[in-house]
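Presented below is the structure to which this report refers.
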Amino acid sequence: MARRKNPPPEDANDPIVAIAGSVAHKAESSKDHGSSIFQLIICVGGIYASFLTWALLQERITTTPYGADKKIFRSPLVLNTVQSLFAALTGYAYFSYSSSPGQPSHVFPNFSISLRLLLVALTQSLASPFGYASLQHIDYITYILAKSCKLLPVMFLHITIFRRRYPLYKYAVVFLVTAGVAVFTLYPAHPKKIKKSASSNGEKKFYGMLLLGVNLLFDGLTNTIQDDIFSRTPKGAVSGPQMMTALNTISSVLTIGFLLLNPWSTELNDALAFVKEHPKVGMDIMGFAVCGGLGQVFIFHTLSSFGSLVLVTVTVTRKMLSMIFSVVAFGHSLSSMQWLGVGLVFGGIGAEAEMKRQSEATKKMTKQNGHTKKE
């Protein structure tokens, strides 16, 4: 006897039920979209709050005098060590929280990747002292502006070492950014006051830009090695939280080793004596480290959830706001030509981000069309 099939539910073909199901689906999609927007707002707000405060504290610690004796904190490796230690702890907490139960929980994936991470940490550790040393010869706004030009050293290294070619618009961006930095540097505010000591001021600024150039070159090496890690390793082999934890752990070991084992350096003792004499700088350093560690978490989460284009847009606008905050908080004065230089730099960076967005949109559309043809 043939087994009788169960009839469909009476309301299966009911148009009201179908409409209700459609509404429920749309409501669920709307809820997911709303959740995504809320998450993006949290990420962007976190990056702005963390790094705007971080930049203000960085300028205060490295360029402003403390106490009645008007001394300036001159221990960049100690500053870096405190930040990398806190970032390593924050990164590990983030890594543990974001890892799925089935995923491996070790921070260092394998020897080959760990060796490359060591190189990244080494170039980062070498870059920082040059950057902080440059602040003794140039102002903080010039420092931020030049640090926004990381495309220059990356392209320079890729062209000279790897013989890589770039699209024409990249060279146009480099020209705009270089012109912007040049205009900003060559047309300072209050030129009449500066003419009296133009020669010594010019030499000082040149030396500061030279130190900053070395810093940017190490930044370029750092980015190049990071690109190599992601291109050579399988997708998902190294997560953002994993890299954050590993890099900051290695950086901490390197800088602590140098501070403790280098017989010619008194930086650690000098820093401890300075903090003992001026406790306020200790609070500023801790705030700087906390903001840096939390900011890195927001950056990695934004990158993994919303992609590099969103992150680039957020970081570029954040640097612009940092410059404005620096002008307001520390009384910097910019000439109209310097504002033009700022516009050229961020205009070039913004144009690059837009061209990248269009390129990725074209690639995505081509890929979708390819899938459609196969079907």
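Glycine is treated like the rest: Cβ placed from N, Cα and C.
The feature transmembrane segment is assigned by TrEMBL to 37-57 (among others).
For 77-95 (among others), the entry in TrEMBL reads transmembrane segment.
What TrEMBL records for 140-162 (among others) is transmembrane segment.
For 168-187 (among others), the entry in TrEMBL reads transmembrane segment. Away from its own ends, the transmembrane segment (168-187) comes close to residues 142, 145-146, 148-149, 151-152, 155, 205, 209, 335, 337-338, 340-349, 351-352, 355 of its chain (Cβ-Cβ under 8 Å, at least six residues beyond either end).
As annotated by TrEMBL, transmembrane segment applies to 207-225 (among others). Same-chain residues lying 6+ beyond the ends of the transmembrane segment (207-225) with a Cβ under 8 Å from its Cβ atoms: 116, 119-120, 123-124, 126-128, 130-131, 133-138, 142-143, 146-147, 149-150, 152-154, 156-158, 185.
Residues or ranges marked as transmembrane segment by TrEMBL: 245-264 (among others).
Residues or ranges marked as transmembrane segment by TrEMBL: 285-303 (among others).
Marked as transmembrane segment by TrEMBL: 323-349 (among others).
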Which residues of the same chain, at least 6 past either end of the transmembrane segment (323-349), have a Cβ under 8 Å from a Cβ in it?
52, 55-56, 59, 63-64, 139-141, 144-145, 148-149, 151, 172-177, 179-185, 187-191, 316
Is it true that the transmembrane segment (37-57) and the transmembrane segment (285-303) have 3 or more CB pairs under 8 Å, sequence gap of 6 or more?
yes
Same chain only, please: residues at least 6 beyond the ends of the transmembrane segment (245-264) with a C-beta under 8 Å from a C-beta of the stretch. Say none if there are none.
77-78, 80-81, 84-85, 87-88, 91-92, 94-95, 107-108, 114, 117-118, 120-122, 124-125, 296
